[in-house]
Amino acid sequence: MAVANWSATCHGLFIISFLVIVSALFGTSSAQLNATFYSGTCPNVSAIVRSTIEQALQSDPRIGASLIRLHFHDCFVNGCDGSLLLDDSANIQSEKNAVPNANSTRGFNVVDDIKTALENACPGIVSCSDILALASEASVSLAGGPTWAVLLGRRDGLTANLSGANTGLPSPFEGITNITAKFTAVGLNTTDVVVLSGAHTFGRAACATFNNRLFNFNGTGSPDPTLNSTLLSSLQQLCPQNGSASVVTNLDLSTPDAFDNNYFTNLQSNNGLLQSDQELLSDTGSPTIPIVTSFASNQTQFFEAFALSMIKMGNISPLTGSSGEIRQDCKVVNGQSTTQAIELRSGSAEKTVNLEEM
Ligand code: HEM
Ligand SMILES: *[C@@H]1O[C@H](CO)[C@@H](O)[C@H](O)[C@H]1NC(C)=O
Ligand SMILES: *[C@@H]1O[C@H](CO)[C@@H](O)[C@H](O)[C@H]1NC(C)=O
Ligand SMILES: *[C@@H]1O[C@H](CO)[C@@H](O)[C@H](O)[C@H]1NC(C)=O
Ligand SMILES: *[C@@H]1O[C@H](CO)[C@@H](O)[C@H](O)[C@H]1NC(C)=O
Ligand SMILES: *[C@@H]1O[C@H](CO)[C@@H](O)[C@H](O)[C@H]1NC(C)=O
Ligand SMILES: *[C@@H]1O[C@H](CO)[C@@H](O)[C@H](O)[C@H]1NC(C)=O
Ligand SMILES: *[C@@H]1O[C@H](CO)[C@@H](O)[C@H](O)[C@H]1NC(C)=O
Ligand SMILES: *[C@@H]1O[C@H](CO)[C@@H](O)[C@H](O)[C@H]1NC(C)=O
Ligand SMILES: *[C@@H]1O[C@H](CO)[C@@H](O)[C@H](O)[C@H]1NC(C)=O
Ligand SMILES: *[C@@H]1O[C@H](CO)[C@@H](O)[C@H](O)[C@H]1NC(C)=O
């Protein structure tokens, strides 16, 4: 009896530890995102996101660029948890007020439109953080870029991190070494820096983000010598005395709204707009140079790499399982209220100048 009891206990312990190991394994694997997460609960989610963006593009050719930037600025701060979308409230210090975001991030109204369409089709199912991942892929493919299977199943966070946004997001002025360190801090590498910078193949930037190159670069009293002189004169006209906050121009001067590899060919003619763009090729000895060169000569290689790096960026510390929540309103944590009844919408009064028309 004693032997049989011991044997049963031992067997039981074995089964329990086996279950612990198995559930640990499955625990990790169920915490992973996958492409079919909504196939049972919101099978049309991708088409709904895409068609809302198609509509927005009719009046705003920049919107796709603005939406992918939201995903980037979300993922780099406390992971891809929709933290960027939260407005100021009693409990939230909004990341929208961080230096890299203020007067610059835009498209929040379209995120809300997507959320409304999804709540109508499948209430309470799709997270705001997944909306940003889906909107990024739709925006890129609608602009002529690659498609990829978006991994899904993120849940929305309950907090924002204003100081994290100020310290974690890269600045165009800080040099490739420091920018690479910010990517490394979230599990991305030098290849990802170059590949994802290729998102600057569409969208706009304000004078304040490149005027450091125009008149007194880095305290030299002269413009940035790596800036194409033709582009330099247009930009100096566009941004006199360093320019106005409401003036923006195209990041890609050759094909402003298309997703292609011209960002990289522009760098070869010294036509990168931001200091951080041109440095990828012009910083002597930088490990980024051969990557730029191969993407400039082979768009397929860029497109394949872009899909992989986007999936990698979208995997930064997602909340899964029962962590976080599915927000009803992307601007507000469920059950809380916002102090901002009317959302500040930056960019509505801005002027875009196409340099080729100057
Ligand atoms: C490598 C470091 C990066 C730096 C320093 C940087 C910096 C900037 C700056 C300064 C602007 C202009 C913002 C404004 O004037 O309002 C901008 C715009 C943009 N960025 Fe980046 N960025 C970086 C990486 C990325 C990544 C990883 C993505 C996405 C994958 C991205 C996508 C965009 C897009 C699409 C725009 C245009 C947005 C619009 O037109 O609304 N950037 N970026
Ligand atoms: C996708 O992830 C969810 C949640 O972790 C899980 O329930 C589902 O089985 C996964 N689907 C596949 C095909 O792995
Ligand atoms: C999926 O959504 C698109 C865009 O809203 C719509 O045109 C289409 O009819 C929907 N399909 C189904 C099966 O509901
Ligand atoms: C944003 O723009 C407003 C109005 O032009 C200005 O008052 C504010 O200082 C700007 N904020 C930042 C962080 O640049
Ligand atoms: C905010 O972000 C910073 C920088 O990533 C991080 O060190 C800090 O732990 C975050 N704070 C919270 C409360 O998540
Ligand atoms: C790069 O980062 C270091 C350490 O954080 C800092 O001291 C330095 O000022 C940064 N360089 C630039 C150009 O921002
Ligand atoms: C960056 O990571 C990818 C895998 O995610 C890898 O293929 C690539 O070689 C890495 N690049 C560098 C410079 O380490
Ligand atoms: C323009 O900005 C640069 C630094 O980016 C600064 O050195 C220069 O004094 C500014 N010029 C004016 C007219 O504000
Ligand atoms: C800016 O100037 C500093 C100090 O003179 C120098 O170390 C640095 O390399 C310069 N940066 C660029 C991008 O030229
Ligand atoms: C400057 O840009 C133009 C195209 O805009 C190009 O033809 C020219 O070769 C570039 N100059 C240099 C020095 O890269
Ligand atoms: C471009 O890159 C793709 C993907 O890596 C490769 O299959 C193709 O052979 C390359 N094309 C050329 C002309 O090198």
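A Cβ is built for glycine as well, from the same backbone N, Cα and C atoms used for every other residue.
The feature signal peptide is assigned by TrEMBL to 1-31.
Per TrEMBL, the feature disulfide bond maps to Cys42-Cys122 (among others). For Cys122 (disulfide bond), other Cβ atoms within 10 Å of its Cβ number 16.
According to its DSSP assignment, Arg69 (site 'Transition state stabilizer') is helical. According to TrEMBL, the feature site 'Transition state stabilizer' maps to Arg69.
For Cys75-Cys80 (among others), the entry in TrEMBL reads disulfide bond. Under the DSSP three-state reduction, Cys80 (disulfide bond) is assigned to coil, being neither helix nor strand. For Cys80 (disulfide bond), the same-chain residues 6+ apart in sequence whose C-beta sits under 8 angstroms from its C-beta are His71, Asp74, Ser129, Leu132, Ala133, Arg154, Met313, Gly314, Asn315, Ile316, Ser317, Pro318.
Note: Cys330 (disulfide bond) has non-local neighbours Gly82, Leu85, Phe108, Val111, Asp112, Lys115, Cys128, Ile131, Asp156, i.e. same-chain residues 6+ apart with C-beta under 8 A of its own C-beta. For Cys128-Cys330 (among others), the entry in TrEMBL reads disulfide bond.
In sequence order, Pro100, Asn178, Ile179, Lys182, Phe183, Ser276 make up the list of same-chain residues 6 or more apart from Pro170 (substrate binding site) whose Cβ falls under 8 Å from its Cβ. Positions annotated as substrate binding site by TrEMBL: Pro170.
Under the heading Ca(2+) 2 binding site, TrEMBL lists Thr201, Asp252, Thr255, Asp260. A 10 Å cutoff on Cβ-Cβ distances gives Thr201 (Ca(2+) 2 binding site) a total of 27 other Cβ atoms nearby, all chains included.
Reduced to three states, the DSSP call for Cys239 (disulfide bond) is coil. According to TrEMBL, the feature disulfide bond maps to Cys207-Cys239 (among others).
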Practice task
Take the C-alpha atoms of Cys42 (disulfide bond) and Asp252 (Ca(2+) 2 binding site) and report the distance between them in angstrom, rounded.
Solution key: 36
Fill in the blank from the handout: Check: min Cα-Cα distance from Asp260 (Ca(2+) 2 binding site) over disulfide-bonded residues Cys75, Cys122, Cys239 goes to Cys75
Fill in the blank from the handout: Students should find that the Cβ of Cys42 (disulfide bond) has, within 10 Å, a number of other Cβ atoms equal to 19
Exercise for the section: Express the distance between the Cα positions of Cys239 (disulfide bond) and Cys122 (disulfide bond) as a whole number of Å. Expected result: 47
